[in-house]
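Grabbed the feature section from Swiss-Prot, which reads as follows:
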type	residues	note
ACT_SITE	430	active site
BINDING	429, 433	Zn(2+) binding site
CARBOHYD	410	N-linked glycosylation site
CARBOHYD	480	N-linked glycosylation site
CARBOHYD	622	N-linked glycosylation site
SIGNAL	1-18	signal peptide
């Protein structure tokens, strides 16, 4: 779903814990003086975990002959009998046997764009868990389609451009009708990477009312925005969603995070069964370059929006062997090595996530889905040495069926300058934005990680996977890791604290979020909890540092890969725009679905250590922490 560093603030972030503050890079919109953070969607979601769901559905009648979509639909109808809604066309059954069905609430035939209901159905066809953010207030009695008393979509486009100071010229814009109710594409504009679009939708506001809005979509490179412009007053912008997730950090053989951990080595045929066409074919065409079914990698020194004709190393024999030296300068002198490294890391992470269940039906990034579900034609476009920025990286995640786009930058924090493609953790973090945005809320919805807390978790998941993958056989629970240290030329990395199980080294607790106002700060808290969880599972199940997990009945047999699998499964279970408590419950539910809750108490203890235990409560202004465990633990 939606992407995550919307706009880094130019001011230093507030950090009540006495520690050097993180420095956040500003993106295009913040440089234009627009604070996108102030336009984030409000958190509206509720989540009913498997225990609560079992109690609720006892009084409901379901037929054994119902398929999982029908069962889910009946639940939504019984929960909101007076509401209208539609089934989103992105339902699928995960590798853990859980069926995921997503619904969008409607009013007068128009979507309420931030009103979602997700239902998870177990292997026996029963409701496993569900979450929703459906609107419960009064629906406007007057159908806006009757009198058509709303603004012209062109005015909405111009309103979005003006309010956000977008680099889009819309003076000659004309709206062309497209498929869908009140859906338009704009002709005659310049400045956007693709033609802007507009859809008439309702939007839940913070005050509990509905606003009729034009959802204006503009892809301007570093920001791919959905701007909700009031349909009666085009100068009013209610909220903004950004598909682009930016990071603040930055590979060699899989498991080596950066050049300080080893040297480049030659690896033959590294793909797994997750890539049946290999990394250099999409099942129809074989490519003698860094292009295939999962990704297409190239340099992009100008920072432009086109990529097909950009430079890629060519090798008819598929031997991509290029020199690199830590003293080489500028980074463009080793662009062949850089592009190859980026292509390798991206594909390697694709294959790992596929083994965990991020496959075609779940909305992964592939051109050819091989009739396995989902929407194809959406490999990851990955740009090395992208000239549109420095000291950062980002990933844009549109809905399933449209390619993801990663931009990796050079870092000017060292002499010679460093190439972010050579720090695997940054590439993994960025690609993880694509993972979480496609899973949370369903592959067709890319706006479910746009609230402050859910957006923070989006950053945290990226850090977690980057850190989990770099673990070494010598590591113990006392091992600490930084994020982005090599690229930033700072051993402490780019986060406020090291990732550590030691509460003195990293004192972050659940209630720390009360004083944090930036997604990367909040993400560090969430990733810290997941780091504790991973080590708790390693202590319970042992660790393996092989590149590929070993499964038994679908369950990874070591704690490190089990943690990665459970965290990923939780993403698909939780509601749209979840909070920490709901995401914790979704991980517990993921363990119930996968192992019959074999790790229940281990998971509870890990979260309780950081104040997200039994009884912890979410409140946007005053979260309540708890170190307690539930009965039975």
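Quick reminder: no glycine exception, Cβ is built from N, Cα and C everywhere.
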Measuring Cα to Cα, tell me the gap between residue 410 (N-linked glycosylation site) and the residue listed as 'active site' in whole angstrom.
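With distance taken Cα to Cα, the residue listed as 'active site' is 15 Å from residue 410 (N-linked glycosylation site).
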Please identify which of 430, 433 has the densest Cβ environment, defined as other Cβ atoms within 10 Å, among these recorded positions.
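Ranked by Cβ atoms within 10 Å, first place goes to 430.
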Ranking the glycosylation sites 480, 622 by other Cβ atoms within 10 Å, which is at the bottom?
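Relative to the other glycosylation sites in 480, 622, 622 has the fewest Cβ atoms within 10 Å.
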If you measure residue 430 (active site) to residue 480 (N-linked glycosylation site) at Cα, how many Å is it?
21
Around residue 429 (Zn(2+) binding site), how many other C-beta atoms are within 10 angstroms of its C-beta?
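If we count other Cβ atoms within 10 Å of residue 429 (Zn(2+) binding site), we arrive at 30.
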In whole Å, how far is residue 622 (N-linked glycosylation site) from residue 429 (Zn(2+) binding site) when you measure between their Cα atoms?
29
According to DSSP, does the residue listed as 'active site' sit in a helix, a strand, or coil?
helix
Take the C-alpha atoms of residue 622 (N-linked glycosylation site) and residue 433 (Zn(2+) binding site) and report the distance between them in angstrom, rounded.
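On Cα coordinates alone, these residues lie 27 Å apart.
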Using DSSP and three states only, what is residue 410 (N-linked glycosylation site)?
strand
